[in-house]
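Before any comments, here is the structure.
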Amino acid sequence: MNNTKSVSSSSKGQSGPARGTGDQLHAPGGTVNQSKGHGNHFPGAIFNGPVNIGTGQQPILPRDCWRLLAFPEMDSRFNDIDAAAIGTCNWVSQHKVYMRWAASNRGLLWIQGKPGCGKSTLLQYILSHFGETANAGEEALTLSFFFHGRGTELQRTPLGLFRSLLYQLRDVPDALSDVVDTFQQRCETVGKHNEKWQWHLQELQKFFGSSLQRALKTRPIWLFVDALDECGRVEAKDLADFFKLVLKGLPSAKLKDFHICFTCRHYPNLVLDGVFELCVEKENGADISTFVEGKLSSFRKRTSSTLPDLIMKRANGVFLWASLVVTQVLDLELEGAGLKHMEHVILSVPEELNALYFDLVQKMPSNSGKLIQWICFAMRPLSLDELRWAMLVEADNTARSLHECEATGDYPSDDEGMKRRVQALTRGLAEVTTDTKVVQFIHQSVKEFFASKGLSALSGAISLAAPNTSSRADFAGMAHCQISRTCIRYLKMSEITGIAIHSGDGWTSTFPLLSYATMSWVAHAKQSEKMGISQDDLLEYFAWPSEALVQIWVRVYNSLEIYSDECPPGKTTMLHIVSRHGLIGVVQIILRSANQLQKDIDAKDESGRTALSYAAENGHESVVMQLLGAGKVGIRGWAKAILWTLLKQGVNVDAEDVYGRTPLLFAAKNGHEAIVSLLLEKRANVNAPDGGGGTPISWAAQNGHKAIVQLLLGRGANVNGEFLHGRAPLSWAAEAGHEAIVKLLLDNGADIDARDIYGSSPLGYAARYGHNAIVKLLLENSAKIHAEDMVRRTPLWYAVVNGHIAVVKLLLENGANAETRYGHYGQTALCCAALNGHEGVVQLLLERNVNVNVMDTEGRTPLLQASWNGYEFIVKLLLESSANVDIQDNLGRTPLFRATEEGHEAIVKLLLQKGANINLQATSGQTPLLLATGKGHKGIVKLLLEKGANINTQSSLPGIDRPLSSYPSPLARSK
């Protein structure tokens, strides 16, 4: 069972998204999370249906959203873990802690243990044998994610976790309605995903919380997360807190059971009171014994040796230690070693993992360092082919062609040979994955060892017991520097420079390291500089002042990955690159030589960007300079130094790119306060708009940078300046929930009722997104509570449709009219709330004695909408408030008819208990019984027959006979 399969195998619900059949809304300029049910709700784009991006574009479907949540390596770690040895791990389903957790209706289980004790294997076993878990049930939905610290970025970050979990919820009806809605709206107004925008962690966390609650209405869910510690110390703590808050925040009733299980080391220290805890190394002794006996069974039979017992005794609950020592024993046996020598070797192996790794390092060949350096510090795991060429090309060699490198190198050309070379050079501490042929360390603890002290130990520069010194950072910094220069050398080879003028089709298969070298040399250079290693020699590697190699790199990058955020535009220069990435030493060298070499430091690339523009955009947060020649530059000083040097050279402070964006706009947008201040001192245009009308203050307000908003206001920024869609800064701040900025703008004369091109006001945006404090602040400042947008929707409508109870209450208390009708179908607030399943809002409106039987223009009442869409609790609320059960819509359909049509048996029962007329016919002549018979809803047929439904009624629709004539069941015959 893997992450995806676990969903499919246990999924019994309808495949696909929400089943809305009519027109539903996507509000222009913003996300509206609503319209999850049936019917012609609101004019506009169809919810969860095709949305066209402009004329002639392909429609956007929900599956497009799901596809862009998924990523290729989602299941790789689960599949790469070796299955538990026969006879191991089966104790867990009977463990008292595990059983108490499984028996709870809300539970968080922390499976903890030392590195290498077998936590991941145990969790894989639990998922693969989930049916053995008490209280599992057939309808249970399992979600899982295995963090992989040696994997790709998405495999080792919370962003990857939440993308995967949301993807796994895709088959639960309605679960991802807000995700799909947001995706469609952004594609419609911003552009394609990956080209114009990306998913962000905070929004996906929020989506997961809301999606989970919707899914739990119909399915119990079991969530399993492995290796929490491998996503980082801070992130692990944040995720553990998030899991606990999710459990705590779920309503105690009305939802199915929810269980969370995660594995994590003892460190980082997680403060999780009231959770179930299970310590693996205290429980796995029998498993290690079974494993060792299985591996050495023939050995023991031949020798009657006690070596297996010695291994088991010294393992101390660490499976990985036992596995490595067993491998050594088997190797010794093949070499013909005697028992006494084997026993001596076992006793000499350190019992602590890091000490064991250090012991293996001492036995590694002299040429192991480069290989381990690449495996340890590569930005992503490399394939065998990529790693082979990484080893063949030397950073400081004089070879001019790949052919020459291959002729003088000594690495096997076939996968099996290269695999053996990797294992030999790493003494078994690295492995090659079966499916992807990717090279990785056998365990996260191995990578941590080499990153902290292993590389320096390998070079003989440090002992295991040495304190944490700067030399370790130097080794990592030099490793990144060497990898960066190797990548540049690869790009400089004659075969690569020769293909750069042609199309990029087939390049990566012919030149395996090309993609990595192209996209990663800059990242390694940045990492190296962060660690104090000078990058001044980059100019020598690129043969600067020639820009020829830079242009080759640009052309190759654009052929391989043109939509990457890091892809450089045409006409990029070396000054653009080093300014963008904060390599200040190289910047200073170029600027000192610029006049003499007649270099234009204000040159623009094909996007219209200058070096100043890139420096301002990335600010002092991108890189940190530790040592710069004779002086030390602080975390903020390096970026200011770049800008100051550029400004002194006479660059254009207001240089616009092809979208009209100035350096000031970039700095304001990204929150670089010191840079904004410096540019304002140089008289940058404070109100310069970009191509969409956005000004620096608009962007700063939208992104929550209060100090920058204040700076800009102090320099005369237009507080009512318009942005894309005619939106003022106040509108953006209100939508984003930045209360302090809203107050600041109001204090500086912002128009409180300023409308955008859609007629939406700041109050409307704040209500739409549930920002209660901002709604209150705007109302206190006399914002118009009844302000309608261009399609006549008020702040109350947006709050109701999105289920923001506190905002709805605040608006009603301040005079909002709950009986106002909205849209083409004339629906009131109660209609909208019932339609969208917002129980709290329905209850609040009923307490205010709104008309419970109000009908829209199609004759549909709130009770009919709730019955149709299966909202049982709302149906109860409406019935308790004396809703009329027999009101028919324009086609003669009653709430009972609609509930029957969709198979909502519990709601049918409720309506019958309230005396619903069982034989009312729709205009088609159909009755609930006829409908239930045709749909095959046997439980509802039984209920209707027990209540005396007329079995002889015949529909006027062609081909429809008496209800029971097509229902030859024992139930029908008994009647």
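Every residue, even glycine, has its Cβ placed from backbone N, Cα and C.
Fair warning: this is a prediction, and the values are worked out from it, not measured in the lab.
Taken from TrEMBL, the feature compositional bias 'Low complexity' covers 1-16.
What TrEMBL records for 18-54 is domain 'NACHT-NTPase sigma'.
For 87-265, the entry in TrEMBL reads domain 'Nephrocystin 3-like N-terminal'.
Residues annotated as domain 'GPI inositol-deacylase winged helix' in TrEMBL: 370-457.
Annotation source TrEMBL lists region 'Disordered' at 1-41.
Sequence annotations record features per position, and here TrEMBL assigns repeat 'ANK' to 607-631 (among others).
Among the features that TrEMBL reports, repeat 'ANK' is placed at 659-691 (among others). Shown for the repeat 'ANK' (659-691): DSSP residue counts in helix, strand and coil, namely 17 helix, 0 strand, 16 coil.
Broken down with DSSP, the repeat 'ANK' (692-720) shows 16 helix, 0 strand, 13 coil. Per TrEMBL, repeat 'ANK' is recorded for 692-720 (among others).
Per TrEMBL, repeat 'ANK' is recorded for 725-757 (among others). Residues 28-30, 693, 695, 697-698, 700-704, 706, 709-710, 713, 719, 763, 765-766, 768-769, 771, 773-774, 777-778, 781-784, 787, 789 of the same chain sit 6 or more residues outside the repeat 'ANK' (725-757) yet have a Cβ under 8 Å from a Cβ within it.
TrEMBL lists 758-790 (among others) with the feature repeat 'ANK'. Each residue in the repeat 'ANK' (758-790) gets a DSSP state, and the totals come to 16 helix, 0 strand, 17 coil.
Under the heading repeat 'ANK', TrEMBL lists 791-823 (among others).
Averaged across the repeat 'ANK' (825-857), the predicted model reaches a pLDDT of 95. Per TrEMBL, repeat 'ANK' is recorded for 825-857 (among others).
Residues or ranges marked as repeat 'ANK' by TrEMBL: 858-890 (among others). If one looks beyond the repeat 'ANK' (858-890) by at least 6 residues along the same chain, the residues whose Cβ comes under 8 Å of a Cβ in the stretch are 36-40, 254, 825, 830-831, 833-835, 837, 839, 842-843, 846, 852, 896, 898-899, 901-902, 904, 906-907, 910-911, 914-917, 920, 922.
As annotated by TrEMBL, repeat 'ANK' applies to 891-923 (among others).
Taken from TrEMBL, the feature repeat 'ANK' covers 924-956 (among others).
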Summary of DSSP states over the repeat 'ANK' (924-956), given as helix, strand and coil counts: 17 helix, 0 strand, 16 coil
The domain 'GPI inositol-deacylase winged helix' (370-457): DSSP-derived helix, strand, coil residue counts: 49 helix, 9 strand, 30 coil
Tally of residues which DSSP labels helix, strand or coil - the repeat 'ANK' (825-857): 17 helix, 1 strand, 15 coil
Residues from the same chain, set at least six apart from the ends of the repeat 'ANK' (758-790), whose C-beta lies under 8 A from its own: 27-30, 32, 725, 728, 730-731, 733-737, 739, 742-743, 746, 752, 796, 798-799, 802, 804, 806-807, 810-811, 814-817, 820
Counts of helix, strand and coil residues, the repeat 'ANK' (791-823), according to DSSP: 16 helix, 1 strand, 16 coil
